[in-house]
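Engineer: Could you have a look at this structure, given as structure tokens, before my questions?
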Amino acid sequence: MASSSPVTPGLMSVVFGIVPVIVAWLYSEYLHYAKYSVSAKTRHSDVNLVEIAKDFVKEDDKALLIEDGGGLQSASPRAKGPTTHSPLIRFVLLDESFLVENRLTLRAIIEFAVLMVYFYICDRTDVFNSSKKSYNRDLFLFLYFLLIIVSAITSFTIHTDKSPFSGKAIMYLNRHQTEEWKGWMQVLFLMYHYFAAAEYYNAIRVFIACYVWMTGFGNFSYYYIRKDFSLARFAQMMWRLNFLVIFSCIVLNNSYMLYYICPMHTLFTLMVYGALGIMSKYNEMGSVIAAKFFACFVVVIIVWEIPGVFEWIWSPFTLLMGYNDPAKPQLPLLHEWHFRSGLDRYIWIIGMLYAYYHPTVESWMDKLEEAEMKFRVAIKTSVALIALTVGYFWYEYIYKMDKLTYNKYHPYTSWIPITVYICLRNITQSFRGYSLTLLAWLGKITLETYISQFHIWLRSGVPDGQPKLLLSLVPDYPLLNFMLTTSIYVAISYRLFELTNTLKTAFIPTKDDKRLVYNTISALIICTCLYFFSFILITIPQKLV
């Protein structure tokens with residue numbers, strides 16, 4: 001098995017770090033099996049049958065919960081062993097009760113590591129073949145609309161959720177709808193990459209703008225309504241956005257900017273957090289919110305519109321945000337970050353604006369639903385006609401531009417198709433209450449499918465390389481290969497989604513900032529030591545040669 005990627009200190013650090021976890025996990029599984037065997041024998045002897053069964057279930061449940069979500073730590077008040085020691089010390093000492101209680105977390109870590117190994121094998125070795133991309137418009141559209149039809153037949157759902165604002169079944173821009181929205185866009189986005197469907201470039205730019213719009217809309221709604229600016233909430237959001245991408249960068253020796261959507265969402269999430277978190281106690285005042293919106297626009301104008309400011313601000317972060325495409329080595333390191341973030345520099349603010357006026361629009365829709373039939377039909381028909389007209393002119397005079405020209409207009413016009421879609425998707429109460437749950441399910445794992453596609457669906461073969469090839473598990477049978485690789489790819493993406501949330505619950509406590517800080521410092525110390533040790537092991541032999 002030949003590798004196209006050199007062994008790096010980061011990769012070696014992961015290997016060294018996972019070895020003790022494997023040992024601890026195997027030992028915990030053995031302890032759990034031994035406990036189960038003893039319990040089974042006791043049950044067969046009919047001694048205290050009911051009490052033992054209850055205790056067994058209770059202990060297994062506790063292994064899932066892990067005391068306040070506070071990382072690897074004791075969950076049972078009856079746990080034996082040095083409970084006064086920190087979780088890290090108990091892990092190093094292989095404390096039996098601790099390992100049994102955290103068996104499922106250890107198992108999740110191992111499963112995640114196995115999936116990272118699969119990433120590496122698929123994209124950095126010659127174990128599997130690769131094939132070239134091929135685009136056929138008829139096949140592309142056939143596959144996409146086939147998925148839509150299957151989704152409509154098998155997963156069409158009518159929702160009756162109540163609005164958190166009015167308590168009525170208005171459901172304007174409800175969660176089911178936005179998840180479905182993300183789902184059908186993500187499918188087209190991924191197929192665009194798989195088939196190299198260059199003619200849909202402008203559409204993909206709009207889809208990415210929609211994702212960033214949702215970042216502004218969703219985060220503003222959460223922080224404005226719940227007023228939760230806690231450290232735990234912030235850490236959970238950063239974990240969700242960056243956990244998988246960080247390990248992908250380490251294991252595969254890629255730059256953070258290769259997965260540009262992750263830093264984009266992280267940046268705009270931080271900007272929403274800062275906008276509402278600063279002077280948060282005054283957020284109920286309309287004048288303060290207006291000033292914050294104005295300040296956001298001013299910041300964007302200064303950073304992205306004034307030449308030289310972006311480079312001046314971001315140059316200290318070149319190590320993190322820099323990217324050198326092997327196919328375009330002549331470009332500046334910050335070019336990719338400047339280009340990608342600049343395309344959607346305003347749309348996150350538009351998302352915040354829509355979120356702020358969401359209750360107002362919902363109240364208008366509530367009143368409209370209670371109006372007379374003729375008036376209701378007239379208003380909805382007018383809205384639909386206006387939206388369709390605006391959408392048509394945008395399509396004819398903006399969307400049809402060549403991609404270089406379109407990119408110049410995109411930051412200022414991407415809100416138009418988004419608004420048109422929102423108007424048409426929410427035109428009637430029944431229509432906005434429908435969703436295709438298969439697409440909504442895909443919409444929940446967009447981050448995982450985005451990152452995974454680079455390595456287990458497509459192939460680059462080299463660090464920081466764009467995925468120009470396809471992973472080929474069934475050579476010479478492109479459609480069978482598409483079916484097999486897609487099935488594996490989607491299944492793994494879903495598992496990564498679940499594992500990310502499982503480990504987030506384990507290591508980020510929701511109500512214990514002290515434990516969160518402890519976990520963070522412990523992780524930094526461990527990672528630093530592992531990297532330093534790995535760096536020495538790799539560097540010394542090279543200097544001796």
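A Cβ is built for glycine as well, from the same backbone N, Cα and C atoms used for every other residue.
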Engineer: Tell me which residue from N219, N426 Swiss-Prot records as N-linked glycosylation site.
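Structural biologist: Checked Swiss-Prot: the N-linked glycosylation site annotation sits on N426.
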Engineer: If you check Swiss-Prot, which of N129, N253 turns up marked as N-linked glycosylation site?
Structural biologist: N129
Engineer: Please give me the CB contact count at 10 A for N129 (N-linked glycosylation site), counting all chains in the structure.
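Structural biologist: I get 15 for this one.
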Engineer: Of the listed stretches (7-27, 108-128, 184-204, 238-257, 258-278), which one yields the highest count of Cβ-Cβ distances below 8 Å with the transmembrane segment (293-313)?
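Structural biologist: Most contacts with the transmembrane segment (293-313): 258-278.
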Engineer: Taking the transmembrane segment (470-490) as the reference, which of 108-128, 184-204, 205-225, 238-257 gives the largest number of Cβ pairs under 8 angstroms?
Structural biologist: 108-128
Engineer: In whole Å, how far is N129 (N-linked glycosylation site) from N426 (N-linked glycosylation site) when you measure between their Cα atoms?
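Structural biologist: So the Cα of N129 (N-linked glycosylation site) lies 46 Å away from that of N426 (N-linked glycosylation site).
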Engineer: Honestly, do the transmembrane segment (108-128) and the transmembrane segment (238-257) touch, with at least three Cβ pairs under 8 Å and pairs 6 or more apart in sequence?
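Structural biologist: Since 3 or more Cβ pairs under 8 Å link them, the transmembrane segment (108-128) and the transmembrane segment (238-257) do come into contact.
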Engineer: Do the transmembrane segment (7-27) and the transmembrane segment (258-278) share at least 3 Cβ pairs under 8 Å, sequence separation 6 or more?
Structural biologist: no
Engineer: Over all shown protein chains, what is the count of other CB atoms within 10 A of the CB belonging to N426 (N-linked glycosylation site)?
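Structural biologist: Excluding its own Cβ, the number within 10 Å is 21.
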Engineer: Which residues of the chain, 6 or more past the ends of the transmembrane segment (205-225), have a CB below 8 A from one of its CBs?
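Structural biologist: For the transmembrane segment (205-225), the far contacts come to 164, 173, 178, 181-182, 185-186, 188-189, 237, 261, 264-265, 268-269, 272-273, 276-277, 280, 283, 343-344, 347-352, 354-356, 358, 399, 406-407, 410, 414-415, 417-418, 421, 446.
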